[in-house]
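What TrEMBL lists as Na(+) binding site is GLY130, ALA132, VAL133, ASN137, SER372, ASN404, LEU470, ASP473, SER474. If you look up TrEMBL, you'll see CYS236-CYS245 marked as disulfide bond. According to TrEMBL, the region 'Disordered' annotation covers 1-113. If you look up TrEMBL, you'll see 124-142, 154-175, 196-224, 287-306, 318-342, 362-386, 398-423, 449-472, 500-525, 531-554, 575-594, 606-631 marked as transmembrane segment.
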Amino acid sequence: MGWGRWARSPRCTPPGGCAPSTPPASDQSTGFSPGALGAVGFQLEVGTRRQPDPPLLGSVISHGKNPSLPQVAQPESFRACRGGSMGEQPCPAPASPPGQDGGPGASPVPPVHPRDKWSKKMDFLLSVVGFAVDLGNVWRFPYICYQNGGGAFLIPYTLMAVFGGVPLFYMELALGQFHRTGAIPIWRRICPIFKGIGFAICIIGLYVSFYYNTIIAWALYYFYSSFSGTLPWASCDNPWNTPNCTNYFGRSNVTWTNSSRSPAEEFYTRKVLEIQKSGGLYDVGGIRWQLLLCLFLIFTIVYFSLWKGVKTSGKVVWVTATLPYLVLLILLVRGATLPGAWRGVLFYLRPDWGKLLSTAVWVDAAAQIFFSLGPGFGVLLALASYNHFHNNCYRDALVTSAVNCLTSFLSGFVIFTVLGYMAEMRDVEVEDVARDKGPSLLFITYPEAIANMVGSTFFAVIFFLMMITLGLDSTFGGLEAVITAVMDEYPQVLAKRRELFVLGLITVCFLGSLSTLTYGGAYVVKLLEEFGAGCSILAVVLLETIAVSWFYGIQRFSHDVKAMLGFAPGLFWKVCWAAISPALLAFIVVSSLLEQPPLVLFGYQYPAWSTLVGHLVGASSFICIPVYMVYKLVWTPGSLKQRLAVCVRPEKTARDTQAEALRMSPVP
């Protein structure tokens, strides 16, 4: 596989780009040293301290005079426009730097084609919200909240969001909008030696697609099964039920033992998964053709939503991103009217202040906010790259991250009102009902409660429809990140073949998911869920933050943001990017590596070799980063110091990047 576009000149060595025969005077020093970045951060530079980029056209043209930057004379053609942001004709590109204007020895500058853009601002906002709000918001946050102190958990959760999650969310949106490219080629403009991060992100995206869409296929199977007068998981009178099946509801003097199973649990394990036909990872068995058909339908929807880019996906999310909120509201109202609902709410919010002294609570809070907002998956980079250059991504980051966190909190009421109802009906404590977590909460506990409500068919249909739409939104975002990254890296090959490339990618994801459709597929899903992303994505986000804050430089990044928005990020954001967020991420990564409980699913203890396989899966994506670093250093000409200097220096200046962005972003 190639490593990006590079000029085919006798002096070019892939992937390091063209090395001038005589280095500029400023680069002839014997090394590189940290340069000042204001209050926080540092930046590797060559020889003498590198001066900040010259005043950016966008900041001068679009925002008037800036007292903090020296002013430059504006050509007459620039005085009549505002960077294409006010409805006038787009501003012409700035003059090419010496050596790039077609003069002697200049390399040809490739033409810049206009980039696709969102038809409406709401298309972008709904896509971001749809990606961030997924199945984990419905089950993971409520479970972690009550497990870690109830209402007291909101304190570490809020702090981790303010100082860790939201700053990184804002950073990724700003990076994508300014550089207008995907997760792979963007590193040529930030710090080329970290380009392996882009490849790692794409591999992680594939791993997630291998199991995540199978969970959506399970929801589709439930959705189809819900269209019946009596829900199939409402009783123990079905062919798949065993003598251990015990129905709490509608009966008195029911004795529950350790071997007892609810009808909802047996429907999930023995009918949907048919896991009794598998002996574990040693013998996963054949493929469930019903789930194969469901997964095929899911990927068909995904393909026709993504094949034309943001023009099609931006329309689909108007349904898939808004419908879950309507369903959540309906389920919340219904749950609040059930007997015993108050017991669940009290259990959900009852604070246990002693939990705040536990390190595990803070680790869970940080992990939840990072996985919920989704920085590091390349999705925010990809979605923001289709914005107009002067879009207010700062406001977008605050609004969408707030919506995400509030949705998680709201989902807790939806879940725990129903759990309180189940505890009331069983005459047990809420904590005895709320022991399920993960997909089991969505496919066993909640469906069991729905089956015993008035109007159970209606509530089952809308609940599983909500799950399908929540999952689809996240799949749209995850695969769009891979599509954008690869197509931007190889535009000459893929620019006019998007439909075929998307079809090929969907086919790869479908084939990669086949092992999760077997009788033992749930074991594979659990393994990929734990190791496919997990620590590897957190490590990727950590390195991404370090590369932007410490190598590209906080000051330079702030100039980029100011060029787009007219104002630079405040000291709070700079401190978070350079110090607090990396520290939190490092804390989570180390804690996750040190504390790894054994994997267990349905009483099946995962063998030791499966944990080793899981670690290899996680390492297979992260290994792209050091491998590319070595590759870049080996193929870049010059001494070791010169190679390091070239490899950490952006291949395009901020001014060149902005000029290209303005040419790619015609008047809306």
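Yeah, the Cβs are placed from backbone N, Cα and C, and that goes for glycine too.
Owing to the predicted nature of the structure, the values given are computational and were not obtained by experimental measurement.
Structure coloured by features recorded in TrEMBL.
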residue	record	CB count, 10 Å
GLY130	Na(+) binding site	28
VAL133	Na(+) binding site	27
CYS236	disulfide bond	17
CYS245	disulfide bond	20
SER372	Na(+) binding site	22
LEU470	Na(+) binding site	26
SER474	Na(+) binding site	25
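In the three-state DSSP scheme, CYS236 (disulfide bond) is classed as coil.
When Cβ distances are compared across the two stretches, the transmembrane segment (196-224) makes no contact with the transmembrane segment (575-594), since fewer than 3 pairs at least 6 residues apart fall below 8 angstroms.
The stretch from 154-175, 318-342, 606-631 that makes the most Cβ contacts under 8 Å with the transmembrane segment (362-386) is 154-175. Across the structure, LEU470 (Na(+) binding site) and CYS236 (disulfide bond) place their CA atoms 30 angstrom apart. Sequence-remote contacts of a segment are chain residues at least 6 beyond its ends whose Cβ falls under 8 Å from one of its Cβ atoms, and for the transmembrane segment (154-175) they are 128, 145, 148, 186, 190, 356, 361-362, 365-366, 368-370, 372-376, 380-381, 384, 393-394, 396-398, 400-401, 405, 409, 541, 545, 548, 557, 560-561, 564, 569, 573, 576-577, 580-581, 584-585.
Taking the C-alpha positions, the distance from GLY130 (Na(+) binding site) to CYS236 (disulfide bond) comes to 37 Å.
Here the C-alpha separation of SER372 (Na(+) binding site) and CYS245 (disulfide bond) works out to 36 Å.
When Cβ distances are compared across the two stretches, the transmembrane segment (575-594) makes contact with the transmembrane segment (531-554), since 3 or more pairs at least 6 residues apart fall below 8 angstroms. Following the DSSP three-state reduction, the secondary structure of VAL133 (Na(+) binding site) is coil. The stretches the transmembrane segment (531-554) and the transmembrane segment (449-472) do not meet in space: the count of Cβ pairs below 8 angstroms, excluding pairs fewer than 6 apart in sequence, stays at fewer than three.
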